[in-house]
Amino acid sequence: MFALWYLTFAVDEIRKQDTMVDAAVLAKLEEGYAKLAASDSKSLLKKYLTKEVFDNLKNKVTPTFKSTLLDVIQSGLENHDSGVGIYAPDAESYTVFADLFDPIIEDYHGGFKKTDKHPASTFGDVASFGNVDPTNEYVISTRVRCGRSMQGYPFNPCLTEAQYKEMEGKVSSTLSGLDGELKGKFYPLTGMEKAVQQQLIDDHFLFKEGDRFLQAANACRFWPSGRGIYHNDAKTFLVWCNEEDHLRIISMQQGGDLGQIYKRLVTAVNEIEKRVPFSHDDRLGFLTFCPTNLGTTIRASVHIKVPKLASNKAKLEEVAAKYNLQVRGTRGEHTEAEGGVYDISNKRRMGLTEYDAVKEMYDGITELIKLEKSL
């Protein structure tokens with residue numbers, strides 16, 4: 001009888017150790033939460049991490065990778081100027097920490113509720129989009145990208161260096177099989193000359209090291225191991241390997257021919273998916289490191305010069321919001337506009353199809369150009 005009781009007690013203790021959050025982690029959480037609560041942060045993290053939610057989640061860990069609430073929110077705790085402030089260190093985080101993720105997802109993605117289910121992937125009629133700026137007066141360049149996670153691997157904070165390298169090898173060999181317009185070369189970051197790296201960054205082709213939001217989220221470990229960039233000969237098709245997501249698939253070119261750019265992206269995604277299985281969830285769609293990129297993961301954007309609208313930034317933001325568009329600086333999130341050029345994209349990525357996400361950008365940019373002309 002005693003032996004049975006002792007065995008039960010021992011199993012319970014092991015289970016507790018397996019799920020209990022380390023005291024040092026709890027102390028960091030309590031301190032970080034207090035500072036965030038006292039700050040004037042406008043982040044969605046601060047908005048939805050109430051004391052009740054915090055107390056409910058602070059002792060939880062994900063079953064497989066033992067990710068804690070600190071892993072989820074540490075970027076937002078360190079950077080009070082974050083717009084969102086949370087990342088998913090592994091796919092299970094979206095379930096274990098749903099009390100925090102769900103309201104943030106609903107707020108960011110325009111009302112995608114915890115009872116909602118993301119629709120099946122649909123790229124629609126790729127020929128239905130034309131050129132948003134046929135006279136080349138406003139749109140400097142157009143880009144459509146999507147994020148993908150490789151099945152069987154966690155997100156950045158939980159990856160080992162060996163996994164990073166293994167993934168890079170898989171991505172490199174997969175992409176070397178592409179032909180036609182997509183044919184190109186994979187460039188590993190390891191061993192890349194600084195001059196080549198800087199040129200690719202300046203050309204808006206390559207991600208840069210040292211993003212403080214990603215670093216705080218523990219997403220830059222083992223840099224530059226397992227990271228790289230693929231681009232076709234014309235530099236109109238790119239794939240980033242292990243920056244924020246496992247894969248960022250990008251189609252881009254000068255001018256406003258969204259139809260041509262979208263068609264190239266769809267062809268590429270379909271070709272890559274034949275060779276690499278992607279992580280997908282029935283409710284959330286394609287799974288990504290940042291909750292802002294879930295669902296379709298599609299971000300269709302233009303670099304656009306609208307000087308009259310830009311002279312009143314509040315007005316530009318107001319019109320953009322009406323069409324579910326997001327206004328950023330020239331070099332993306334957390335940057336300023338250079339020479340009056342803005343990066344404007346669709347904001348919603350969940351609760352609608354890929355086609356509809358791109359159409360929101362197409363319709364919104366068309367309206368912005370019409371408005372700019374009328375001023």
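Placement of Cβ uses the backbone N, Cα and C atoms for every residue, glycine included.
Any TrEMBL annotation is an automated prediction that lacks curation.
The following features are taken from TrEMBL:
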- 25-110: domain 'Phosphagen kinase N-terminal' (DOMAIN)
- 138-375: domain 'Phosphagen kinase C-terminal' (DOMAIN)
- 141-145, His204, Arg248, 299-303, 328-333: ATP binding site (BINDING)
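Shown on the structure are the features that TrEMBL records.
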residue: Ser141; record: ATP binding site; contacts (Cβ under 8 Å, 6+ apart): His204, Met252, Gln253, Gln254, Gly255, Val302, His303
residue: Val144; record: ATP binding site; contacts (Cβ under 8 Å, 6+ apart): Ile250, Ser251, Met252, Leu258, Ile261, Tyr262, Leu265, Ile298, Arg299, Ala300, Ser301, Val358
residue: Arg248; record: ATP binding site; contacts (Cβ under 8 Å, 6+ apart): Arg145, Cys146, Gly147, Arg148, Phe207, Leu238, Val239, Trp240
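Each of the binding-site residues Ser301, Arg328 was scored by how many other Cβ atoms lie within 10 Å of its Cβ, and the smallest score goes to Arg328.
The average pLDDT for the domain 'Phosphagen kinase C-terminal' (138-375) in the predicted structure is 90.
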